[in-house]
Amino acid sequence: STAGKVIKCKAAVVWEPKKPFSIVEIEVAPPKAHEVRIKILASGICRSDDHVLSGALKVNFPIILGHEAAGVVESVGEGVTSMKPGDKVIPIFLPQCGECNSCRHPRGNVCKKSELGPFTGLLYDGTSRFTYQGKPVYHFVRTGTFTEYTVAPEDSVVKIDASAPLEKVCLIGCGFSTGYGAAINSAKVQPGSTCAVFGLGGVGLSAVMGCKAAGASRIIGIDINKEKFPKAKELGATECVNPLDYKKPINEVLFDMTDGEGVEYSFEVIGRTDTMTAALASCHNNYGTSVIVGVPPSASQIAFDPLLLFTGRTWKGSVFGGWKSKDAVPRLVSDFMGKKFILDPLITHTMPFEKINEGFELLRSGKSIRTVLTF
């Protein structure tokens, strides 16, 4: 048994921004009290990981990225009661301690222990479990899943159905839940309503699925890459718009498409400040709601006309789709197993972990929706 011992394994380490991943042998320390060591079997490539590589998100280096994964518990630290070795699990970047105000509030889901910036790259005790040639390597959002083994706090790991296919349900660890929940929980999309989704990547398409599940009658997908349109329509978009096809701003285009009313719900699923304000300006001036789902670049600022809000619009953010992570993830996995929603159309590529750089190239070139790396 490897329990209680240091494990040597392969990991994809990033040494500095704008540089590719290097696959190297690292050492993974045993879990401390209330921590879990996980053998990762599948990990999705999410745009937030790429935001670190591009330098848009500021983190400490060297780092092991990856936060949308599934695996099996290898060993547990002292005091861990909610899972045991051999259990299938999903590590989550959003913990649920169950004790802070946010965890206890019916509408809260951003636990006090969350690391949503500044990013320390360390576990709760202020240290890392990863080392390379004796020097510490940082964890991304306390998950760090582009490695054969990782260690995460128990309150950030969720036990799931033993029969769940890990190479699919790993998407519930971030992308799917984030988009789907933004529509259902954060916006609370109503039946018969009109929605606009800015950005048709994996999270945007999941938002489209959430709008459809909530009963929206019109779902307008917006992207500058028209290759994304057929998949968006397959998943529920009723029409798709490329802003580059118009001389006027996209919010004016959307007002024209809705008889001068604007949409009832808009979702920014890109992470750009200009599209955040465009999404706000696209919704109904009195009862429209716009939700920021895309991760904004570190230290970015927004300037906008407050009259946009004064007339009654609601502008809000959404992290992990508003779900309480430990409560929701097992339910979402069960719903997937019960065919309440599908994940297959979101997964365009599956490739061995060693091809991680190729997977990120597919993302940047707009050729993939989700690439799942298998170990």
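Keep in mind that glycine also has a Cβ here, set from the backbone N, Cα and C atoms.
Here is what Swiss-Prot says about this protein:
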BINDING   Cys46, His67, Cys174  Zn(2+) 1 binding site
BINDING   Cys97, Cys100, Cys103, Cys111  Zn(2+) 2 binding site
BINDING   Gly199, Leu200, Gly201, Gly202, Val203, Gly204, Asp223, Lys228, Val293, Gly294, Val295, Arg370  NAD(+) binding site
MOD_RES   Ser1  N-acetylserine
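All features noted in Swiss-Prot, drawn onto the structure.
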residue: Cys46; record: Zn(2+) 1 binding site; DSSP class: coil
residue: His67; record: Zn(2+) 1 binding site; DSSP class: coil
residue: Cys97; record: Zn(2+) 2 binding site; DSSP class: coil
residue: Cys103; record: Zn(2+) 2 binding site; DSSP class: helix
residue: Cys174; record: Zn(2+) 1 binding site; DSSP class: coil
residue: Gly199; record: NAD(+) binding site; DSSP class: coil
residue: Asp223; record: NAD(+) binding site; DSSP class: coil
residue: Val293; record: NAD(+) binding site; DSSP class: coil
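The Zn(2+) 2 site is defined by Cys97, Cys100, Cys103, Cys111, and by the 8 Å test on Cβ atoms against their centroid, the other residues of the chain that qualify are Pro95, Gln96, Gly98, Glu99, Asn101, Ser102, Arg104, Lys112, Lys113, Asp155.
Cα to Cα, Val295 (NAD(+) binding site) and Cys46 (Zn(2+) 1 binding site) are separated by 11 Å. It is 12 Å from the Cα atom of Val293 (NAD(+) binding site) to that of Cys174 (Zn(2+) 1 binding site). When the CA atoms are compared, the binding-site residues lying within 10 A of Cys174 (Zn(2+) 1 binding site) are Val203, out of the candidates Cys97, Gly199, Gly201, Val203. In sequence order, Gly44, Ser48, Asp49, Gly66, Glu68, Phe93, Thr143, Gly173, Gly175 are the same-chain residues whose CB sits within 8 A of the CB centroid of Cys46, His67, Cys174, the residues recorded for Zn(2+) 1 being left out.
DSSP assigns Cys111 (Zn(2+) 2 binding site) to coil, not to a helix or a strand. Around the Cβ of Cys46 (Zn(2+) 1 binding site), the number of neighbouring Cβ atoms within 10 Å comes to 25. All chains included, 24 other C-beta atoms sit within 10 angstroms of the C-beta of Asp223 (NAD(+) binding site).
Just so you know, the Cβ of His67 (Zn(2+) 1 binding site) picks up 26 other Cβ atoms within 10 Å once every protein chain is counted. Of all Cβ atoms in the protein chains displayed, 27 besides its own lie within 10 Å of the Cβ of Gly199 (NAD(+) binding site).
In this view, Val293 (NAD(+) binding site) is surrounded by 29 other Cβ atoms within 10 Å of its Cβ, with every protein chain counted. In this entry, NAD(+) is bound by Gly199, Leu200, Gly201, Gly202, Val203, Gly204, Asp223, Lys228, Val293, Gly294, Val295, Arg370, whose most widely separated C-alpha atoms sit 20 angstrom apart. Compared over the binding-site residues Cys97, Cys103, Val203, Val295, the count of CB atoms lying within 10 A of a residue's CB peaks at Val203. Neighbour counts of Cβ atoms within 10 Å were compared for the binding-site residues Cys100, Cys111, Cys174, and the top value is held by Cys174. For Cys111 (Zn(2+) 2 binding site), the nearest of the binding-site residues by C-alpha distance turns out to be Val203; the candidates were Gly199, Val203, Asp223.
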